[in-house]
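Record features, source TrEMBL:
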| type | residues | note |
| --- | --- | --- |
| COMPBIAS | 124-138 | compositional bias 'Basic and acidic residues' |
| DOMAIN | 152-326 | domain 'Amino acid permease/ SLC12A' |
| DOMAIN | 440-724 | domain 'Amino acid permease/ SLC12A' |
| DOMAIN | 739-857 | domain 'SLC12A transporter C-terminal' |
| DOMAIN | 871-1094 | domain 'SLC12A transporter C-terminal' |
| REGION | 119-141 | region 'Disordered' |
| REGION | 972-1025 | region 'Disordered' |
| TRANSMEM | 146-167 | transmembrane segment |
| TRANSMEM | 179-202 | transmembrane segment |
| TRANSMEM | 214-235 | transmembrane segment |
| TRANSMEM | 242-263 | transmembrane segment |
| TRANSMEM | 283-300 | transmembrane segment |
| TRANSMEM | 307-326 | transmembrane segment |
| TRANSMEM | 446-466 | transmembrane segment |
| TRANSMEM | 486-512 | transmembrane segment |
| TRANSMEM | 532-550 | transmembrane segment |
| TRANSMEM | 586-604 | transmembrane segment |
| TRANSMEM | 610-632 | transmembrane segment |
| TRANSMEM | 644-668 | transmembrane segment |
Amino acid sequence: MGGWSPQARLAGCLDVNSEQQCLNRHLTLCNCTQKPQSSKTADATVPSATRNSRDADYETLSWYLAGDATPKESSPFIGSSDAEKGQQYDGKNMALFEDEMDTSPMVSSLLSSLANYSNLPQGSKEHEEAENNEEQRKKPIKAPQMGTLMGVYLPCLQNIFGVILFLRMTWLVGIGGVLGVFTIVFMCCSTTMLTAISMSAIATNGVVPAGGSYYMISRSLGPEFGGAVGICFYLGTTFAGAMYILGCIEILLIYIVPQAAIFKLEGLEGPEAEAALLNNMRIYGTCVLTLMSIVVFVGVKYVNKLALVFLACVILSILAVYAGVIQTAIQPPDFPICILGNRTLVRKGFDVCAKTVEKENGTFTTKLWRIFCDSELLNATCDEYFMNNNVTEIQGIPGITSGILAENLFGNYMEKGMIIEKRGLPSVALQDDPFTNTNSYVLSDITTFFTLLVGIYFPSVTGIMAGSNRSGDLQDAQKSIPIGTILAITTTSLVYMSSVVLFGACIEGVVLRDKFGEAVNGNLVIGTLAWPSPWVIVIGSFFSTCGAGLQSLTGAPRLLQAISRDGIIPFLRVFGHGKANGEPTWALLLTACICEIGIIIASLDSVAPILSMFFLMCYMFVNLACAVQTLLRTPNWRPRFKFYHWALSFLGMSLCLSLMFICSWYYAIVAMGIAGCIYKYIEFCGAEKEWGDGIRGLSLSAARFALMRLEEGPPHIKNWRPQLFVLVSVDGEQNVEQPRLFSLTNQMKAGKGLTIVGTALEGTFLDNYDQAQRAEQSLRKLMETEKVKGFCKVVVSSNIRDATSHLIQATGLGGLRHNTVLVSWPPNWKQSENHQTWRNFIELVRETTTAHLALLVAKNISAYPSNGERFTEGHIDVWWIVHDGGMLMLLPFLLRQHKVWRKCKMRIFTVAQMDDNSIQMKKDLTTFLYHLRIDAAVEVVEMQESDISAYTYEKTLMMEQRSQILKQMHLTKTEREREIQSITDVSRGSIRRKNPASAAAQPSLNEEKPGVSSERSEEEVSSNVRRMHTALKLNEVIVKKSKEAKLVLLNMPGPPRNRTGEENYMEFLEVLTEGLNRVLLVRGGGQEVITIYS
């Protein structure tokens, strides 16, 4: 059975002799009478028996295997196409799992999908194939066949070796010295090596599509970091293109065809000569940039086909340098340097390095004499320094055995305009000697210092992402990327380090410091060391820089296109479009425009530090991504590359950050500012993406740590703030019925602390899951509209009462729980069909009291202001009747922090009884508010004792009647009338005894009948009368003082301890707040929430 097909093995036939019998038997068991649509691969020439066997195989496979052959990033394993989900599973071997077959594929389907997975890069390969004709596009795409050498190692070499090695490496050694530049090289190469280790760990943690560092960082650190660093990497790649183009133009105009310069340099000195050179670079650079952009636009395939040619130029040039080093040990090349005193002369306009020559028994002046003197005569007037110093000729390439290394060990930093001088030669210069003939000396064109050299050199070690960018082209990316990248960095590091030592050991110091080779007849300095001819280096470096520029203009637009198509930066979405074949036309146009900025700068030494910033930031976040993933130990973090450690990643990140500020602190700040702005833009305006990034895991770990700290004990009074649980109700369409509660929440919280919004649905969870989801979406949408920052929760239960109780009990996690409940006053509670509403409300009050939670009840919530309204004047009145822990003091203070209530003034009223000293009460309250640092006006209201009025008794009677009517809803009509009459009789009898005069004024409807039972005792009726009297008196005072107030806050009395009188509780609260527009009833949670101490 080992040679059978997967279909036959899957059928589980262990007792048959042939595979065909197994398949046929399975088809019989399945009763498969209809065959799926025949495969297009069927051929009429195939024998019938074979064709039938293949059809049976296809039937079995199509009935068994389910799954999507194209893995999705969000769910790479589970999920089938619509057609596959429509298929039914009738097999008996897996009958236990037949209900899951529509959502969960079988293992065989999963493995088949993974085996057929092909991940072609979203790069130049598809665009090249898209340019072919229709017939070629229909050909099956072959699996990637590139190995480590061709797919990773050589592309990394091509990207790392570049213009800096050929144009600036010798100058760096001359200025910084062998030891200083070796330190720079070692530091930069160590940074890239550590970054490569981190990158290898990320790249081998699963399949990495094309996208390079952007994909790795965005999927590891989230869209915010990914977008910010992706844009920085894009800008770095774009400015790298500008640097390569400037290097190409420099080689062209200085070393190949100097006569092609539009702005001539002859006769110009100082700033004028510098300006002419820069203008030449700008004009030719713009032309070359335009030409390269056209080449990239016409077809990437031409660039790809020339890639090997450019790489061959780089390798041959480097080999020529090493060959030249060996040659210097045998026979050094002849590149004489002419030095006047200790000043290096420009080798131009003279052929003999001497003042005079002896010919035919006579002394004649040379061309060098004529440069410094006003005539060729021996008695001519000459430059003072020229007359006082001798002319010396030395070899520019003394050779590796000359011992020049000792002289070049240490740096020689120079100011701009200084003459390059030879150490050890005598020089006679007067202090007042004017500096003349500047065109005759080799001068320093810029002021040099150590950090400048770091910024100029670092671009020469970039390009380590070339392997990860080609991951889709590799046979085994998880094996090739680490090996190829690390080997390439090792190779280039050895080349750079050896070059530093060899240049210092073979080339004279004044030649090393001569950036443009003016002392060696205008030759490229590194070319003077090459064998067999300097032109090998000149031509090779020219084509190398051209190729590198084309590669940058090819890669940068595709990186921008990938970022745009991810949709995380809205204003870049237009650059995700392109030609019909996918060419990023708009992205190429933007890249060319940004690249033109570097061309306008025109100085390679000024552009290099800019792109160093962007690359260093990119590498820093690669290291951060690896470190975060390693420390979080997420289950999905399983790299095949095992030679990594979080400490190495942190070291690499630290080196990157240090190098950024070493190169240029102001460029570093600008680059970080750009990345920070993009980060915040994506955070506020970008699309929401869930990529399973490490920042989410880091947030989870931080949240868990904070929650564990919160569990250590309750918050101190000074840290107490209302952590709100907002309880709302929804209608039949799952829309919120009290949207102004969200406005009040925003005004009270201002984004601080915890806010949880909850609602309850009646029914079963299985039947009402969709309604619960719609309700949650409605809550989230309204929270976003009202700018309420928090969480939402929907609970489904058999009744609203239980669901509300569950919300109050279970909402929150650990120490992150609510301490205050905010609800609205139940509307229309007096209507008979809403009798359950007020019962639920009273139970809510009881439960919050039991749980020691504060309760806020907003009455007339529809009259509360929205977040867009502004009160220009008015008062927030606080009626402090009983002490509740300070909630009544704290809430107005919090509300006045919001712009809606900011202009309102706070007034505090308190009630004094007959035996209280109202003057002392006001004085004490004023002192208390002063210590609380709360600015409010104080007023003490005296409540005069008075007899209970007839109106109070009548109000109580009406309340009793209504309450009992609501309570006895289940009685028959006759029983209801009898019960109501009984209640009326008992109530009126009590009124007569309490207030005979008032009772006599009112006619008695019925005489009391002996033996009539009543549920209401006279004591209970008397208690209700007293409560009603208090409510009426308080309401009268409150309305008189606070009728025009914008908001009234007062203590909320508690519900009755027994349930026999709870029907009247709502009536008491209604009477207490009657005639007021906006009322916030406050009930404390039983703890102090405000203190006078600091």
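For all residues, glycine too, the Cβ spot is worked out from N, Cα and C.
Worth saying up front: this structure is predicted, and the values here are computed from it rather than measured.
Panel annotation: around the transmembrane segment (486-512), residues 148, 152-153, 156-157, 160-161, 165, 169-171, 173-175, 177-178, 181-182, 185-186, 189, 192-193, 196-197, 200, 318, 321-322, 325, 328, 335, 337, 339, 344, 394-400, 402, 404-405, 407-409, 412, 420-423, 442, 460-461, 464, 467, 519-520, 525-526, 528-529 of the same chain, lying at least six beyond its termini, place a Cβ under 8 Å from a Cβ of the stretch. Same-chain neighbours of the transmembrane segment (610-632): 191-192, 194-195, 197-199, 201-202, 205, 213, 216-217, 220-221, 225, 229, 232-233, 235-237, 239-240, 243, 454-455, 458-459, 462, 598, 644-646, 649-650, 652-653, 656-657, 659-660, 663-664, 667-668, 670-672, 675, 694-695, 697-698, 701, counting only residues six or more beyond its ends whose CB sits under 8 Å from a CB of the stretch.
As a quick check, the transmembrane segment (307-326) and the transmembrane segment (146-167) clear the bar of 3 or more Cβ pairs under 8 A, pairs 6 or more apart, so the two touch. Just going by CB pairs under 8 A, the stretch in 242-263, 283-300, 446-466 that sits most against the transmembrane segment (586-604) is 242-263. Distant neighbours of the transmembrane segment (644-668): 187-188, 190-191, 194-195, 197-198, 200-201, 451, 454-455, 458, 609-610, 612-613, 616-617, 619-620, 623-624, 626-627, 630-631; these residues of the same chain sit at least 6 beyond its ends, with a Cβ under 8 Å from one of its Cβ atoms. Only sequence-distant pairs (6 or more apart) were considered; of these, fewer than three Cβ pairs between the transmembrane segment (283-300) and the transmembrane segment (446-466) are under 8 A, so the stretches are not in contact. Secondary structure of the domain 'SLC12A transporter C-terminal' (739-857) per DSSP (helix as H, G, I; strand as E, B; remaining residues coil): 57 helix, 26 strand, 36 coil. Mean model confidence of the domain 'SLC12A transporter C-terminal' (739-857) amounts to 86 (pLDDT, 0 to 100 scale).
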